[in-house]
């Protein structure tokens, strides 16, 4: 391929070599020279020529080596199906084993059955798998055909126009014209958009499930076109990276004929499967097609995992092979002894053509192989197929469980991995994300601090406590809006009322993850079909804080030419804070009437009729008011901590905000309540007069904001609540409406998006009034606080330090209250500094090698020496049912770890809220950056002086941060860490990176050898989900990356409770019992043939007809296990949910383990002895023939095996009765017909009329009645009940007995059982007060080596316990923190 591409590029390289080498400009030092271009690595870069006739030779050469756009997700074709499917099936050792037996039976010396008959079991099994695979593949073929036949408009170089072509005919280098609502057929580089700003909007729901719109830009240099794009004039050559599956990265450049290069990235690429929205026409050139597109490279389909039962089953199959070899060895030795007992060769021993007889050794070897063929049924060939069918049935029942269906989101559970359903019943450790998994990921603005002043938003907190998100009628929603939005006294047109209903999430906009199912249509998308992300009522409605609202109004009026009247410093902080909230984002603005119609031009607004003299008079009045309020208005924050439930937190925040203030202290505010009230009213009236006079016109509509994350949406809605309304956004400009109605349009110079490394985003704008270049930055406090400027001026430095300290304290309390925190900062750049940085940025964007590193360096260079404006506290509400789910999972014996990237205080608070940590828990917190310290603490925390019986494991919790986790993972401290973690009921890993999450999961799974489950909802959880035995994705607010990487997908965390405790228990119990039953029935049946060898001289003969033997496993006993594996319920769902301890049955593998396997094998040997020797004794000394002797043995063994299955069944449905009775009926019917027609089918002995004759004999019925009763005697229920009185009943047996009671009595008994268990578990704690007991235990651990020189051991317990009393949950916690 490299040579061909080289020849295809010959003309282009030759032309480049002829021209004079271009002098690399100073502004682009990172670009390649012509000489470097000739050394381009064709294995690293893709070169694309346009298919417009101008580069025909290059396109013809290159297109032969690039994938076409036809997709094929099928595994087979009509010609390759048989060989490829057989090759796949013979990868299974069992199938290969039976193929070996078939071949072996073709040798005359070892022939046991007719050669063709030996092939029947293998053929039936292979045929069943083939049919299943063929049906699945045919469905894929039909889907592929539909996709490949979709139509797109592709440029035709002969007609010089766009013509309709099928997707499969699109090639790399083709120009494709896309229209609104059309699905993109390939990965296309955007060259033209009908949008005047060169923007194309995409909906990526088909790709990643995200419903919010994404922006894609036309390649630089093509966005300023005033006319339509003409493909025939395109002469550029495109060099880009090779196809890969990274959806977030793409880089390359476009070389023009004059060797000028234009760089592009992922922002210029339209991905296959996405849908064009809000753009009339878009044109691009195909870069990747077909299976080389990023969507197809990410489409791996369901992943194959091997379940724990399957791994156990493979071991037991080897044990069965060992048992088979032992029985064959006994047969071969017995045959040698039998043959040697004759003084001369018996008559049946026929010599060969030379008259020679076989030696005893060779004869024994042949008999060994013959016995393998005879006893081959010992290995259950049909077990694999039966397991696959049972798992399909289990998946069907799970998928159709109405309790696992989310009606609000219209999403059922998705079972993406079809072969690990039983693993759901054996989970021992759960690793969970926090945001979006335990919480709603619906970010609600709760509190903020600006310029060191905290604003509690009490009214908003009260609204959230009583708010219920419902589909309200218009009038009800209007009332809610009147309650939540403060009156701004802004005149509105009579036709405009805020009575819009909340936007509903509709089914039509939902993602179809397996393909592109959207129909192509022209024109705008109907607004009724839209689904606007992050726009629920609870997210949009924010009740402003009255104090902050007044300060914001004052500051807003001073932003225009009002600075001569009042000092601007404080006013600028408040204005910049809300401007940053409104501007520093990538939100797409749309209207409520057309939610997908992007607003790019600000609506007209009536001009203000107020004069400067009028404003001057008003501000004179405001100055008088402000003098009387200066000692109270900004300081009367006694309600500052109202939303914190703890009273001491409220007082602490109020004191903090008062006593640190420069102007005054709070003493005067308490005695001036009446004066404050009157002056505030006067001031508010004055402000209202200003707003009434200033704003005579308003915007004609409301806006919807579509953000890429819920955090961004929450902040924009918060800014809107304070009348800083984001009105329109384009790539170049953003317009904000101020509280007084003025529209400010900022020029966007650069946008630095958020990434997980920088943990912040910035936007560089030019202020329309001051013409300053301002950088607005928002990000994590752990990052922003380190980037703040240190002023040279002493007073300014002292003031900034005070603001920083106060803001940090506010942030700490926000985190303890469970709020997500973000810091807001700004920076003013000079023209020279900005120009230098812009040149540096352009060089980085144009670079090919190390482009990401250079872009990161430019971003870090800009985001320094920031000025802190304030911080926000956003509440991520806990999902419904999370505390109950975690409590139930813990009762089930499952250890739960939370791996989150959030702050430690936030994670701990959420842990208490969702019952991950209990009030009585002792919380060990390890935060260190030193390996020696970390090691000493890990040793110190592990109690060595207490006996193991006294260690109350469930009463400990461990909190650890990302830095400490790095030290543990890189410093070889994993074993100590796991030793400590095993003692704790819960572990919280905070500030964890995605890589750390996956490493922790792998560490626990491999070192502790436990079954793990990971659950998350975002792209940062994908590695963790894939590292666990079972991965569960939540289809929430962060798209579908986690879902597509998972084995199961649910919409709510609470669904995990029933999925594990009910379906997990059922799937494990059903499948484990079914596998055990398969081994039992095969061993039991094969042993009948083995016992007969002792009576036939170990000759390898049988007393049962071979057709009966073949059909015994294939038909007569195959259906009951299948129905049992799909429908049996040993305990009802209600009891399993009421008694989570029943889940431990699967955790401990009590049903299927080595001991139960051995007991089952012994039971099978016992039953086979009974089934053989009872008929033997009954017909002893009679003159019946061999088949007349074998027929009752075959019949009683069938009845015994069927009745054995019936005893195992705990639930009886119509299907159970049909399969049990039907199996017996099918056997009798087949035997009667076969024995009636088989006159000479098995010479010299034939089973003719044997069944008909024996059915007329009373002895036959007596044998069929007595034998199963004796064989199943140990399993009869009365015998089990007799043993139960001796050994005690297990919890599972008690639960099965409870299910037989009436519902009311059953609930009462379950409550009593839980009460006794609770009393038993609480007994040790009742002996002392909880706090005293915990403090004593803590002091004991501290004395074991935790305390070190320089540490205050007493403060470690009591001081931190006091801190944990803060927040919305009063608790008494004794925490040991380092």
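The backbone N, Cα and C atoms fix where each Cβ goes, glycine too.
Here the Cβ of residue 433 (active site, 4-aspartylphosphate intermediate) has 28 other Cβ atoms within 10 Å, regardless of which shown protein chain they belong to. Under the heading active site, 4-aspartylphosphate intermediate, TrEMBL lists 433.
The Mg(2+) binding site annotation in TrEMBL covers 433, 435, 1017, 1021. With a cut-off of 8 Å between CB atoms and residues at least 6 apart in sequence, the same chain places 433, 437, 994, 997, 1014, 1015, 1033, 1042 near residue 1021 (Mg(2+) binding site), listed in sequence order.
What TrEMBL lists as domain 'P-type ATPase N-terminal' is 63-118. According to DSSP, the domain 'P-type ATPase N-terminal' (63-118) comprises 30 helix, 0 strand, 26 coil.
Marked as domain 'P-type ATPase C-terminal' by TrEMBL: 1043-1279.
Among the features that TrEMBL reports, transmembrane segment is placed at 90-107 (among others). Here the transmembrane segment (90-107) has long-range neighbours at 113, 115, 118-119, 121-122, 125-126, 317, 369, 372-373, 376, 379-381, 383-384, meaning same-chain residues at least 6 beyond its ends whose C-beta is under 8 angstroms from one of its own.
Per TrEMBL, transmembrane segment is recorded for 113-131 (among others).
Per TrEMBL, transmembrane segment is recorded for 315-338 (among others). Away from its own ends, the transmembrane segment (315-338) comes close to residues 93-94, 360-361, 363-365, 367-368, 371-372, 375, 378-380, 1079, 1082-1083, 1086, 1090, 1093-1094, 1097-1100, 1157, 1161 of its chain (Cβ-Cβ under 8 Å, at least six residues beyond either end).
For 365-387 (among others), the entry in TrEMBL reads transmembrane segment. Long-range contacts of the transmembrane segment (365-387) within its own chain (CB-CB distance under 8 A, at least 6 residues past either end) are made by residues 92, 94-95, 97-98, 101, 104-105, 109-110, 112-113, 118, 121-122, 124-125, 128-129, 310, 313, 317, 320-321, 323-324, 327-329, 331-332, 335-336, 358, 1071, 1074-1075, 1078-1079, 1082-1083, 1085-1086, 1089-1090, 1093, 1098-1100, 1102, 1109, 1112-1114, 1118, 1121-1122, 1125.
Annotation comment: TrEMBL describes 1075-1094 (among others) as transmembrane segment.
Summarising the annotation, TrEMBL assigns transmembrane segment to 1106-1127 (among others).
As annotated by TrEMBL, transmembrane segment applies to 1154-1177 (among others).
Look at TrEMBL and you will find 1214-1237 (among others) tagged as transmembrane segment.
Long-range contacts of the transmembrane segment (1259-1276) within the same chain, counting only residues at least 6 positions beyond its ends with a Cβ under 8 Å from a Cβ of the stretch, are 1163, 1166-1167, 1170-1171, 1174-1175, 1178-1179, 1192, 1195-1196, 1199-1200, 1203-1204, 1207. Positions annotated as transmembrane segment by TrEMBL: 1259-1276 (among others).
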Highest-contact recorded stretch vs the transmembrane segment (113-131), from 1075-1094, 1106-1127, 1154-1177, 1214-1237, CB pairs under 8 Å: 1106-1127
Highest-contact recorded stretch vs the transmembrane segment (1214-1237), from 1075-1094, 1106-1127, 1154-1177, CB pairs under 8 Å: 1106-1127
Residue 435 (Mg(2+) binding site), number of other Cβ atoms within 10 Å: 27
C-beta crowding around residue 1017 (Mg(2+) binding site), within 10 angstroms: 33
